[in-house]
Amino acid sequence: MSVRLFGTDGMRGRVNKYPMTPEVALRLGLAAGTFYRDKNRRSRVVIGKDTRLSGYVFENALAAGLLAAGMDVFLVGPLPTPAISFLTTNMRADVGVVISASHNPFSDNGIKFFDAEGFKIPDADEDRMTEMVLDPNFDWNYPEPANTGRAYKIKDAPGRYIVYLKNSFPAHLSLEGLRVVIDCANGANYRVAPLALEELGAEVVKIGTEPNGLNINYRCGSLYPEAVAAKVRETRADIGLALDGDADRLIVVDEKGTVLDGDQIMALCAQDLMQQGKLPGNILVATVMSNMALEVFMKERGGTLIRTNVGDRHVVAAMRQQGALLGGEQSGHLIFREYSTTGDGLLAALQILRIMRQRKRPLSELAGLLVPYPQELRNVHVEHKIPFEENAEIADAVARIEEGLEGRGRVLLRYSGTEPLCRVMVEGQDADKVRVYANELAGIVEKALG
């Protein structure tokens, strides 16, 4: 369809500016309730949010629409995106809704949906709801007054999620004796993450756990790993964990204060699972943004790296198709299909801590398996998102740079699905050459599309 409310990870934008307005949220609640309601029984929806001040606005607007459409609404308050995925299935709901703009600043917010199995809904469902929202004459076919929905506040939702997380960690292992720094980005996991780690025996050093509605992701969390790295060095911790605002992604810091990205963590976890014979087909799923070194790493160990478009929903779709149990993104979305249907930063952290405990080695040694190729990423603001091949100057530059890399590197151009940006990525074995090429190509893209 020509008009889409939804991007690569739900609907997102600046608060009180279209489409993130109360009016659109109300109509989206009506659309979701109409689309997912089972007319033969009481239908249920779980609504969770992060810690943004505007969460109150969209929680109430969505709930009003869903209730009016005849769905019972379970309000669980601030919880991570993966917790809503889990609770949707755990509470036998028909759909789950997350109110969050992930790693964006507090002035943005967003809405995304999970189906009854805990997976992000397909484009077709989003498109159908968009049609309903945008049609001013749509007949909502409201239920009879006695059949409108009821709203419930679920007090034990955090406890359910903590039990689920602890069940993913071997019962015979403990985190006793480990000092863990956790940065919750003043976001959705500010209560659950420290508590879960403490219950498993860790000594927890907390930062980013004092949300005020306005400080989510501000100089903290996965986009600002310098904060957790400094705290690791200061407290001589064994590991640092940095989550984003909705806690579906994770960046890790070793005991020396070195920041590890999603590719390095995937390499560590893939090797661990292969050694246990628990990685079906020795397949790892990642995106086009993952470092070329990860591809070489898997090939050298008899494995295969399958690449998808950017977005953890695409990674999960490929994992389901291939029967893979491990996948993720360089940005820190990590999916362990044995336990989860979406990226879960804290669950991924527990898997890393399990490996550290079982191998009895510091993280710096374990994560040194993968040495990434030099990679340069530039974000270029664009006014127009036309196919790159339609611009001769851009196409010629890409071809020339690829030739200059001599088959030992990659060039990738892609548009952000949530922002007016073009991602320019160049990687190869020569760091200086890669940097020059990235700056050159970014300049050409900015001139052509900015």
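Cβ from N, Cα, C; glycine included.
The structure displayed is predicted, hence computed values, not measured ones.
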Binding-site annotation, TrEMBL, Mg(2+): partner of Asp244, Asp246, Asp248 in Ser85, Ser102, Ser107, Ser364:
Ser102
Recorded positions compared (Ser102, Asp244, Asp246, Asp248) - the one with the fewest other Cβ atoms within 10 Å:
Ser102
DSSP helix/strand/coil residue counts for the domain 'Alpha-D-phosphohexomutase alpha/beta/alpha' (261-368):
58 helix, 17 strand, 33 coil
Between Asp248 (Mg(2+) binding site) and Ser102 (active site, phosphoserine intermediate), the C-alpha gap once rounded to whole angstrom:
8
In angstrom units, rounded to an integer, how far apart are the Cα atoms of Asp244 (Mg(2+) binding site) and Ser102 (active site, phosphoserine intermediate)?
7
Could you tell me the C-alpha distance between Asp246 (Mg(2+) binding site) and Ser102 (active site, phosphoserine intermediate) in angstrom, no decimals?
5
